[in-house]
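Structure first, commentary second.
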There are 2 protein chains.
Amino acid sequence: MSPKKDRLSIAALGGVHEIGKNMYIVQYNDDLIVIDCGSKFPDETLPGIDVIIPDISYLLENQGLIRGLIVTHGHEDHIGAIPYVIKQLNMPIYATRLTLGLIRAKLKEHGLLGSTKLHEIDSNSTLVLGAIPIRFFSTNHSIPDCLGIAFHTPQGVVVHTGDFKFDLTPVNAQYADIHKMAEIGKNGVLALLSESTNAERPGFTPSERIVGEHIEEAFKKAEGKIFLATFASNVHRVQQVIDAAEKTDRKLILLGRSMINVVEIASSLGYLRMPHGMLLEPDDCNRYAPHELVILCTGSQGEPMAALARLASGTHRQIYVAPGDTVILASSPIPGNERNVGRIVDNLFERKAKVIYGSGTVTGMHVSGHASQEELKLMLTLMKPKYFIPIHGEYRMLHQHRQLAEAVGVEPSRIFIVNNGDVVDIIGSTARQERKIQNGNTLVDGLGIGDVGQIVLRDRKVLSEDGILILVVSIAKSDGKVISGPDVISRGFVYVRESEGLMEEVQRIALTTITRLQEANTTQMNEYKQTLKDTIGKFLFTHTKRRPMIIPIMIQI
Amino acid sequence: MSPKKDRLSIAALGGVHEIGKNMYIVQYNDDLIVIDCGSKFPDETLPGIDVIIPDISYLLENQGLIRGLIVTHGHEDHIGAIPYVIKQLNMPIYATRLTLGLIRAKLKEHGLLGSTKLHEIDSNSTLVLGAIPIRFFSTNHSIPDCLGIAFHTPQGVVVHTGDFKFDLTPVNAQYADIHKMAEIGKNGVLALLSESTNAERPGFTPSERIVGEHIEEAFKKAEGKIFLATFASNVHRVQQVIDAAEKTDRKLILLGRSMINVVEIASSLGYLRMPHGMLLEPDDCNRYAPHELVILCTGSQGEPMAALARLASGTHRQIYVAPGDTVILASSPIPGNERNVGRIVDNLFERKAKVIYGSGTVTGMHVSGHASQEELKLMLTLMKPKYFIPIHGEYRMLHQHRQLAEAVGVEPSRIFIVNNGDVVDIIGSTARQERKIQNGNTLVDGLGIGDVGQIVLRDRKVLSEDGILILVVSIAKSDGKVISGPDVISRGFVYVRESEGLMEEVQRIALTTITRLQEANTTQMNEYKQTLKDTIGKFLFTHTKRRPMIIPIMIQI
């Protein structure tokens with residue numbers, strides 16, 4: 001193989017120009033490696049959709065080249081698509097112990113555990129996939145056991161940071177491999193893919209340890225029960241809650257399926273240190289005084305079905321919030337969730353609880369897991385990449401990250417802001433962004449993967465705003481005379497009992513329209529339907545300023 | 001009339017346990033005065049609804065007692081319901097000049113201007129409505145000409161603050177009547193109703209003037225065109241944009257219907273001072289160099305149809321954002337709007353504009369119009385009320401405001417946190433909260449006021465998530481045999497072309513079900529329909545994990 005023909009290609013199938021759904025590929029000639037396989041949650045423009053995953057057409061077409069999937073860490077936006085993807089495309093998965101534990105739980109739920117090859121790695125592993133030797137480095141983030149990846153391709157080193165921050169005083173001594181990063185950078189990095197989530201945020205993200213200090217302080221002050229809600233996957237924070245409970249002689253109760261799952265997985269794999277006898281079952285609650293209890297639960301983002309929402313509304317089966325209890329929301333509301341969080345805080349205040357809520361910056365009860373601008377500049381400085389591709393973020397974040405890269409001396413023409421599907425090809429020593437590969441959102445709705453498309457979504461939108469009006473008429477095949485109907489059925493349009501006159505008017509118009517068409521010797525059913533749709537649609541809009549979906553059903557008998 | 005029988009009643013018909021839809025009543029014996037008549041916007045739980053207004057049943061029942069509507073200021077959450085309410089309940093309206101100007105525009109749009117009595121007042125007016133002398137005091141807020149109200153009932157003074165902050169260096173010298181407030185408080189306030197919007201925020205809200213300083217600084221630095229988006233009703237900010245444009249020798253173009261309307265109303269009434277010849281039409285844009293132009297526009301909250309969104313996406317007919325232009329979002333995104341604002345910023349960065357965006361606290365381009373905790377304490381201290389009712393806010397804000405009141409010495413038992421419809425009756429010198437009057441959300445959808453209820457909304461929700469499946473069968477009256485169908489029509493459920501097998505299966509199940517019922521000699525059409533619904537619903541859920549609305553249509557011929 002002549003070195004001139006060697007091609008190194010880098011692309012995102014998800015994760016740029018968006019938050020979530022992370023999936024990247026690094027391909028060197030005929031060896032293709034996939035990085036992460038994440039999902040994201042739909043917004044209000046995708047009614048009824050459960051989850052969004054990357055379109056993997058490109059991977060299916062190049063199945064023979066895929067050497068494996070490396071997963072940087074165990075968050076949903078990096079592992080959430082795995083069961084859906086693995087069903088269509090079986091590939092070996094490489095990840096650290098905790099990440100694998102979380103992936104295993106997912107695969108088990110989908111009945112895929114037996115058929116998937118899982119390989120445990122750690123930051124000291126060296127892996128060779130196809131022709132590509134791969135090394136790793138530990139990073140800090142809001143879940144333990146995170147990896148950055150260095151692909152030592154014959155053409156040069158490609159570094160993918162995963163999600164990271166620099167926490168110089170990490171919980172459980174999970175230090176980042178800063179010396180290894182320096183070494184990789186010193187030896188020369190051809191291309192760096194670095195995460196951009198907090199690229200708009202000045203400064204340096206505080207250490208998770210300060211959250212522990214605030215938790216301990218609040219626990220010491222609290223008199224009744226303590227409820228603390230946080231992301232289940234934030235194992236370090238869970239550890240700090242355990243530590244504070246131990247120091248204040250409180251027992252621990254877990255509420256919420258994901259909290260119970262994660263604590264179980266993390267404990268069994270050695271990522272959590274829990275004193276013997278500390279963990280109680282919810283039903284044990286009544287055997288202890290309020291000041292002897294900490295309830296650690298899910299729902300810190302106001303999720304309406306999670307434990308905290310049920311506690312706040314008083315609908316939890318086993319445990320209730322009493323006057324004087326302390327409730328801590330160890331989170332900052334993610335944009336879009338403020339209303340739900342606010343409703344919970346309202347309910348908790350109505351129960352006369354003391355509530356610690358709001359921005360983590362103010363309460364000290366939450367810090368981000370992502371690098372702020374100074375840390376991003378530190379990563380760029382350590383790696384000194386020839387080419388830079390900001391990843392993980394909306395366009396404005398990638399844009400801000402580019403400006404940070406320029407500020408620390410990366411040549412502007414060597415920075416590529418790519419969209420999903422854009423390929424950066426490095427041939428010889430020159431990088432070009434010219435090609436595009438298939439990419440997109442695959443929508444998961446119930447058991448359907450990708451069967452809900454634009455037409456279905458557009459219909460759902462119309463239906464949700466103005467409802468539907470169904471008109472049923474049966475006419476004789478022989479002479480076209482109306483045999484029954486027109487009958488009108490509406491749903492989600494107007495309250496029918498109050499709109500009888502309107503419905504009668506619709507029937508009258510339908511009948512007139514049909515008669516008129518018959519007199520014009522119209523025989524095409526489609527013409528009847530279209531005319532009825534138009535005429536009734538116009539009438540309804542004039543009288544209600546609403547545009548329900550109109551479905552004329554003509555039955556020829 | 002014996003003073004023992006005198007009753008003073010205070011209630012909210014909208015505005016507590018919520019943000020927006022403000023409407024309060026003060027009633028002394030047979031004189032009822034309404035304060036504000038606002039609307040609010042629906043959230044995602046109310047699909048298709050345009051606007052929410054208060055349920056005014058209580059006012060309609062007591063029409064004979066109503067002496068008038070006093071409006072504190074011209075924001076939508078205080079005037080938005082006026083046209084809908086006035087259509088059903090004509091009452092004289094009292095408001096300041098600018099507020100009346102904005103109300104007049106609304107009434108005109110609804111063809112109600114001729115039939116409504118409008119009375120201009122100012123902070124020096126004294127009014128007697130029924131047996132109640134009324135005085136006013138100026139306050140600062142994010143719109144000029146705001147009033148607080150003092151009702152001098154024979155039983156004591158009731159003060160309603162309206163929205164306010166204390167801006168000690170206001171734009172256009174619109175000072176708050178702090179001495180008058182002190183005098184009212186010194187003479188004794190029986191009950192204070194004070195706004196709570198920012199009761200969660202520590203400190204003192206900065207003066208609007210600092211925004212002017214930041215605007216001027218940014219204008220001086222800018223090289224190309226300048227776009228600045230802000231709330232149209234913030235006349236003081238608009239004035240500061242005009243001032244900065246004048247200082248930097250730029251002309252002004254207005255984009256967005258509400259911006260054009262408000263500037264026209266405010267200018268004609270003397271609330272805006274614009275240099276002659278400064279205002280251009282959008283089409284004049286090409287006759288000037290970029291550095292000679294400021295475009296002041298709507299859409300600072302990311303509203304998808306507003307001017308800024310169209311500029312960002314490049315779909316504005318007359319003006320475009322060029323590389324190097326400066327775009328200032330003089331706003332802080334309101335919770336729920338971050339995604340839309342983010343999308344606009346992404347688009348502007350893709351156009352290579354310089355964008356100033358994010359929290360107003362960081363950019364200096366926005367300050368709140370509402371009192372923070374120290375100002376709320378100042379108002380409470382000035383008024384020294386016997387009874388205190390926090391208004392304008394979600395429960396958590398009312399709760400925080402109560403704690404502030406307790407901190408400055410209001411007796412806890414004399415603080416009433418009321419919900420909409422709760423009445424505080426003051427008889428003799430004792431206040432009690434025991435009665436409730438009718439209240440609620442009246443939903444406006446197109447031309448319908450209040451005709452969309454829970455059933456319609458529930459249907460819209462089901463339709464939006466999983467769509468609809470319509471099954472049409474015609475059967476013979478004589479022997480119950482199927483004449484045509486079953487035919488299946490679906491919308492918003494699955495993409496039909498890919499689900500033919502599923503639809504055929506539904507037809508098969510329907511036919512089997514009908515046959516089975518016929519064999520059991522079932523004659524009730526409702527039983528056929530219910531059984532078809534259940535059977536097909538169960539089948540579809542098993543095979544798709546979706547629950548579309550199922551409408552069986554049985555036609556007997």
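Cβ atoms are placed via backbone N, Cα and C, with glycine included.
Small disclaimer: the values here were computed from a predicted structure and weren't measured.
What TrEMBL records for A:20-214 is domain 'Metallo-beta-lactamase'. Among the features that TrEMBL reports, Ca(2+) binding site is placed at A:GLY48, A:ASP50, A:ASP445. The Zn(2+) 1 binding site annotation in TrEMBL covers A:HIS73, A:HIS75, A:ASP77, A:HIS141, A:ASP163, A:HIS392. The annotation Zn(2+) 2 binding site is assigned in TrEMBL to A:HIS78. Per TrEMBL, active site, proton donor is recorded for A:GLU195. Sequence annotations record features per position, and here TrEMBL assigns substrate binding site to A:ALA232, A:SER233, A:ASN234, A:HIS366, A:VAL367, A:SER368, A:GLY369, A:HIS370. The annotation active site, proton acceptor is assigned in TrEMBL to A:HIS370.
Each of the recorded positions A:ASP50, A:ASP163, A:GLU195 was ranked by the number of other C-beta atoms within 10 Å, and first place falls to A:GLU195. Those binding-site residues from A:GLY48, A:ASP77, A:ASN234, A:GLY369, A:ASP445 lying by chain B, with Cβ under 8 Å from one of its Cβ atoms, are A:GLY48, A:ASP445.
Comparing Cα positions, A:ASN234 (substrate binding site) lies closest to A:HIS75 out of the binding-site residues A:GLY48, A:ASP50, A:HIS75, A:ASP163, A:ASP445. Mapped onto three states, the DSSP output places the residue listed as 'Zn(2+) 2 binding site' in helix.
Within the set of recorded positions A:ASP50, A:GLU195, A:HIS370, the entry lying nearest in space to A:HIS141 (Zn(2+) 1 binding site) is A:HIS370 (CA atoms). In three-state terms derived from DSSP, the residue listed as 'active site, proton donor' belongs to an extended strand segment. Packing around A:HIS78 (Zn(2+) 2 binding site) is summarised by its Cβ count: 30 other Cβ atoms lie within 10 angstroms of its Cβ, all protein chains included. With the fewest other Cβ atoms inside 10 Å of its Cβ, the least crowded of the binding-site residues A:ALA232, A:VAL367 in this structure is A:VAL367.
Within 10 Å of A:GLU195 (active site, proton donor), judged by CA to CA distance, lie the following binding-site residues from the set A:SER233, A:HIS366, A:GLY369, A:HIS392: A:HIS392. Closest to A:VAL367 (substrate binding site) in space, going by CA atoms and restricting to the binding-site residues A:ASP50, A:HIS75, A:HIS78, A:HIS392, A:ASP445, is A:HIS75.
Non-local neighbourhood of A:HIS370 (substrate binding site): A:HIS141, A:ASP163, A:PHE164, A:LYS165, A:GLU195, A:THR197, A:ASN198, A:THR205, each in the same chain, at least six residues away, with C-beta under 8 Å from its C-beta.
Its Cβ taken as reference, A:ASP445 (Ca(2+) binding site) is surrounded by 25 other Cβ atoms within 10 Å in the chains shown. Looking only at Cα atoms, A:HIS392 (Zn(2+) 1 binding site) sits nearest to A:HIS78 among the binding-site residues A:ASP50, A:HIS78, A:HIS366, A:ASP445.
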